[in-house]
Amino acid sequence: MEKERSLPKRPWDTCREVPIIEDEQTPWKMIKLLRVIALCVVALFVFGLAFCSKTSFLLLITLANEGTKILLDEQKPVALLCIGCAIIAPSVLLLLKSIWKACYKTSKLPDKTTVALVLFLEFLVSVGAAILTIVAMPHLDIVTNVTILSSVAIFPAVLQIVAQCTAKERNRFLLPSITAFILILLGFILFLVLYITKDPTDTQMAIWVGLAVGGVFLVSLNWWENYFRVICENTNSIFLKILCKDIAKCQNMLHIFSSVLRIAVTACVLGAYVPLANMDWDVVTSIPSRETRIIAIIIGVQLISSALCHWFALAACKMHALRRCFILPLYLASLAVMALFVIPVIVYYQDYKLSLSGTESINFTGYCNLVVDGRSQSANGSVFPDLVLDVTHTLCFLDMSTIFDIGMLTGLAVSWWLGLTLATVHLWYLSLYRIQRTQDLFIGRFYEGGFLEQSLLLNVRFDIQKIVKLSKQFTPLEPVKVFLCATMWHETYDEMMKIIISIFRLDKYRPQTEDATRDVTFEGHIYFDDAFRDVPGSQGRHVNEYAEMLVDIIREVYSIFVNIDKDIFNEQQQIPDQKLVRTPYGGRVVVRMPYGTSLVVHFKDKQLIRHKKRWSQVMYLYYLLGWKVSTKYFQSWEKGGEEPELMRQFEKEKHNTYLLALDGDTDFQPAAVMLLIDRLKLYPRVGAACGRIHPTGSGPMVWYQKFEYAVGHWLHKTAEHVFGCVLCSPGCFSLFRASALMDDNVMKKYTIKASEAQHYIQYDQGEDRWLCTLLLKQGWRVEYNAASDAYTNAPEEFKEFYNQRRRWGPSTMANIVDLLGDTTLITNRNPSMSRPYMLYQLFSLASSILSPSTVVLMIAGCLTVLLDIHPNAALVLAVIPPAIILGISFKIKSDTQIIIAAVMSTLYAFIMMIAAIVVIGNMIKDQTILTPSSIFLIALMCFYTVTALLHPQEVGVVIYGFLYIICIPSAYLLLAIYSMVNMNNVSWGTRETAPPPGAAKPAAAAPQTTLQKAKSKITKFFSRAKCCGKPCWREHTEELLEDQEVEQEPEPQNTTVEDVRNPEEEQRQEEPIFDCPNQCWISQLQSLSDDMHLQEDTLDQHEEQFFRELITTYLEPLPENKKKQKEMAKKLKDLRSKITFAYFMCNAFWLVTTFVLQLVDSVSIQVPKLDTNLQFTGEYIYIDPVGIMFILAFALLVVIQFFAMLYHRANTLIHYVAFLDTESISEKQRQQVQEVADDEPDNHDDFMFPNVLRRRYERGTMV
């Protein structure tokens, strides 16, 4: 039956302004291509490095075999020593890492029983590894040596069987584990038959075979912990459970003990075996150069390839490419090594047979006697033929011409390889998190040098796989709750549109429906500062034009998202009714978004609650964490709930509750939020994580900031993340953990009112940095995720930019000085903050302080090049302008200072540009690039270019680097002067609006008489009662403000003739005239549009009481005290004077030192000048030692940051590839969910939305 059709509400208004659904900022095609390339590269590296590691290790064993020719018999100890080094290298690395953790992180001592058990097992494993590789394997053939390493899976197979049998439910890998055990045993049987039956009278060979089998069994104990953990989970033994917990808790100290034991045992076995084998260690120092070079190359390849293979294997698992880039390459590595060793042997043998005349024939035994063992040692020539013949020698005791020997050898090799494959077949179905922690992914030690691929495969976490599980699935962690907390004030239409669209994107990305993915739930909150105003003729206060605009934008965006996929003739879904609620702080608008997520807009009245950003943050911290999270547990405890269980649930909810701090103009994609959530989900000590902030806008100031932000994130933030912690997680886009914010000395201390001059600088001028300082002091880690992109508007005007940095600069220094002052406390409490990292921050702070003098020296160098004058004269000329600006800045207004700074910035930019052109011209003229200026210029360009190329998504930003360089004097000299001189100005400086043009200032109110005050209070009481029929939450605050005379009611003009008034006239004057169409903010917002109906609702009584108590305790409006304000202004000026004096005295000292050293020629360093052919020109360059030391220190800092960036880039790529793989699965599931209130399914993959709708704010209607 055809559906009934209905006419749209406005058929003439069906044109739509619809945002583009895809993400415009992220180059998805390039990222997907990069993902494919990354996966291929990682797979190739894992395979290639495992291949190199195993090949080089087996070559060392071959060189130690008796009868091989590359090394003489008396030189075999060298090969044995290298085998020992390959075995103990992982233990040395693990020991160093564990000692570092013990020094800078928390390490607990294990119980004596735990130590005894672990060391006993480690002793057996180390003895077995040393006997197998040093004693037994040099006497076996190459095919057996390649595959006997796979037989170490025998005991893991037994433990798998035990672990799966102790599980309460049937599991799917019991049969493969049993089969693996049988195959490995079969391989040992074939091995014993082959070697023992070949010559039953050879007792020496029987000993080697027995040692090999015994060594394998002992080595196979190495992975006991992986299965012991699973067994303990399913056992009823209290002892085993306690033992398992102690092992997991004290793993670092156990690694130290076990590593030392392994090194000692391997050294003892090696030291005892060489004399027993009638060999002498003295030969180690007398190896010929050819043999030394061969040995050095082989052991070098083995050590490096093993370590790198472990890192790439770990990366493959974290990239969620376990099958493609980890398991398969490691399986194939053993087969490739077998082919590498066997094929050349066959080819050489066949070539020799073909080289004989037709009448002669020779079998493999004859070939060995005549060619392999009968050759003489070659001191020169190619090494490869000798290696092939030495490998062939290991097979000579077998008759490879007979089917029996070939069959037995092939059988044992296949049995062992298949046994390992079946023992690790569960890895193909292993469930991993998006980015797995190393300690959760690999249970045991690093890796084993001689058993690389076996140790990597057997080290991966073993989980019981139930038989009902049919395929590999992504296992989500515990669900988390994310509160989106945006603060607003005077944002423009476009800025508000950005944040609202971003919030609606999240609603569509994670719909709150029954069948939707429940790993993350969102709840949006917007805190709007100073949202109310007085309107003449109205009984109650109204929201201002910015608040009206926000509500209209919500209606507009709601209409877009609810009808985004509908055709024009489909029935357009109307916006459901939303709620308006009166609150003690003003009011709120409660919106249920199209896909179920809640969005609450809190309109704050500054007469009722304290305003400004930090106090909005305090408000949402206590409301969301104190009221919504904490209160319910205390209420349950009051009703008799069990305290331990309530505490466990409370801690769990705090741990899994996050706050996403946003600015009112932030634009972000859902993927960016999920990437931040990953960091907090998987790393419990991460208290906050920030993303990559991109400034948006147009004009030269924005271009400069784009490059500045890029360099700051590329280098500074990555270095902080890698070597320690990020010191500032910006409030425009950062995710915080509730348990970190609710920790001691964090949320409570954040409510402190500024009472000292330095408090205004540290607390209110950079509140996000101060909050991170509190987190770091409590031991929480703050991280940076470069893959999480967010976009925010940057200042486009010179004045706004200077005022913004005037706040940021001093607050940054104040917080860093605060951290450095508590170095001992922080390094003891925070495992991520070490003393070397604090030294790095100290050097960075010193560089920032000396940046003005460094710029002056740079300008002096430019003047020297331009004017061809003495460096000291140029230095004097360079010092004069900033000195004059500094002096007069104390006497002139800030606006005048900015005008002067703008003019001087332009002049300095021209000087820098001309100097750069002159330097390039001199390079061409002198035919040399080896001058200080040219080296600095070229090195800077190359450094920034390489850094940009490592960020392909942002490589275009490098074109703004030229503007950044010529603006260095403005940013690091003039801005420093402006920031220091105006440090006493603690106003926000940005988004400050002036009264409308032509608006007259309100006249000062005349003092009221007692009778007038009484009448005014009575009138207010009745007007509150009549305001829209509901009482207002303003009684207490208005009375307070009246008593403090902050805001006085205007009086009648003729108050002096009150006693002779006409009664009718007096009554007419006393009654207020309410002629405004909307008598309060409720009716005002309800009248905005017919498309979204706003129904008034009431606030819960308990929540109302909470807000009253919160305002009284922390957020009561600050009274205006002129006397205290004057005292604080004086203290701020005194603080400004002290800090400015110390700041510029440091710079003056640096300049004077440079001046004196340039004056004394004998102190300078003489450097020969070279031409382009690196030939000496006969001239010298003179550099003062202080300057060269500063340049070297700066270069060292840059190099440290560069290597930190490389490491961070690799980890970012790993995370991003894993995100693309796992999110695609959940997105496919999400697309199967039926759209809200829609009969047809959504056919668009539209979880990425646009940046912003570009249009001016109008009172129009959008469908």
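Using N, Cα and C of the backbone, Cβ positions are placed for all residues, glycine too.
Database features (TrEMBL):
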TRANSMEM  36-58  transmembrane segment
TRANSMEM  78-96  transmembrane segment
TRANSMEM  142-162  transmembrane segment
TRANSMEM  174-197  transmembrane segment
TRANSMEM  203-224  transmembrane segment
TRANSMEM  253-274  transmembrane segment
TRANSMEM  294-314  transmembrane segment
TRANSMEM  326-349  transmembrane segment
TRANSMEM  406-429  transmembrane segment
TRANSMEM  898-921  transmembrane segment
TRANSMEM  933-951  transmembrane segment
COMPBIAS  1041-1050  compositional bias 'Acidic residues'
REGION    1041-1069  region 'Disordered'
COMPBIAS  1058-1069  compositional bias 'Basic and acidic residues'
TRANSMEM  1180-1207  transmembrane segment
Winner by Cβ pairs under 8 Å against the transmembrane segment (142-162), considering only 174-197, 406-429, 933-951: 406-429
Determine which recorded stretch among 78-96, 174-197, 253-274, 406-429 has the most C-beta pairs below 8 angstroms with the transmembrane segment (203-224). 174-197
Between the transmembrane segment (174-197) and the stretches 294-314, 326-349, 406-429, 898-921, 933-951, the largest tally of CB pairs under 8 Å belongs to 406-429
Please give the sequence-distant neighbours of the transmembrane segment (933-951): residues at least 6 beyond its ends with Cβ less than 8 Å from one of its Cβ atoms. 710-711, 714-715, 861, 865, 916, 919-920, 922-923, 957-958, 961, 965, 1191, 1198, 1202, 1205-1206, 1209
Thinking of Cβ pairs under 8 Å, which stretch from 78-96, 294-314, 326-349, 406-429, 898-921 has the most of them with the transmembrane segment (253-274)? 78-96
Top stretch by Cβ pairs under 8 Å to the transmembrane segment (326-349) (candidates 78-96, 294-314, 406-429, 898-921) is 406-429
